[in-house]
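Per TrEMBL, the features are:
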- 6-129: domain 'Arf-GAP' (DOMAIN)
- 132-233: domain 'PH' (DOMAIN)
- 255-360: domain 'PH' (DOMAIN)
């Protein structure tokens, strides 16, 4: 019996060491140490917990702690991540967001359920709930002034190229009507305080407006998210006919580079530093009094190094404003310097890394145009 166990473990390790199985089949996390004995995929601990919630589809076991018999090992050897992906990921729409291990639970869970439970990507041309160019339904939206979440009707239309929401079910005129090309959507469960929380942002008069929504159903809110990406993709295909699909895909919804609290001072650099919530959305650095504010109190454009932008650790000598946090950083622009302080050195270094990643990127013609249209800077 012992010899059989050793033989099985040796065979298991050989399959496990294959290059195709070195990343989690669902989120891409390196060194997965769990596997599904019914699907034949190698997965990480976090994704194994999601698989465990769909036992009719997937039965998971630890590769290190559990016993694998010969038949199960042979099944893994016959399948593995590459073969299984070829079946369950054969026809993923290019606009569909495939989450990584850095993404939130609802995105990863619905991705796994879409693949293995609903089998959304196994057949070409399958009608999907986010692919027909129109979506209408109720989302719970946070009120701008009172902070209450109330049900609101939303309508997404590819034909009209817009997203609308209505304050009443029978309202004929929408409260907002936003062009699809100025919309971004990103999941914010922690900030919104709901596991299915979605932040929708859009540009109005070249300023950013935030809408915070959720739905009780994780599937429904992820369907909304991918419906927005679908409509954006088809809109941009028409607007930029010579761009290839991957170029367009890279212009769809994006996660913020970094968010968090810092202290800031005003343009005279003698005012007291105030604690504010900051969001770095590519080249837009915005600050808010509260993370759930609808409008930013100020924005600044973060350009490229060759255009005179840089980030420096620390504050200029002789900085006079009073501050309670002592890990400073300075954003240098052609117009002025912006001074910030962080609570910890880790925060300071993370912010510097985020700014550096943007400043080191060359600016596109569209970003040059955005800079010309966007003279906004931080008020005092």
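Don't overthink the numbers, they just go from 1 along the chain as shown.
In case you wondered, yes, glycine gets a Cβ from its N, Cα and C as well.
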Counts of helix, strand and coil residues, the domain 'PH' (255-360), according to DSSP: 18 helix, 41 strand, 47 coil
Averaged pLDDT score, the domain 'Arf-GAP' (6-129): 94
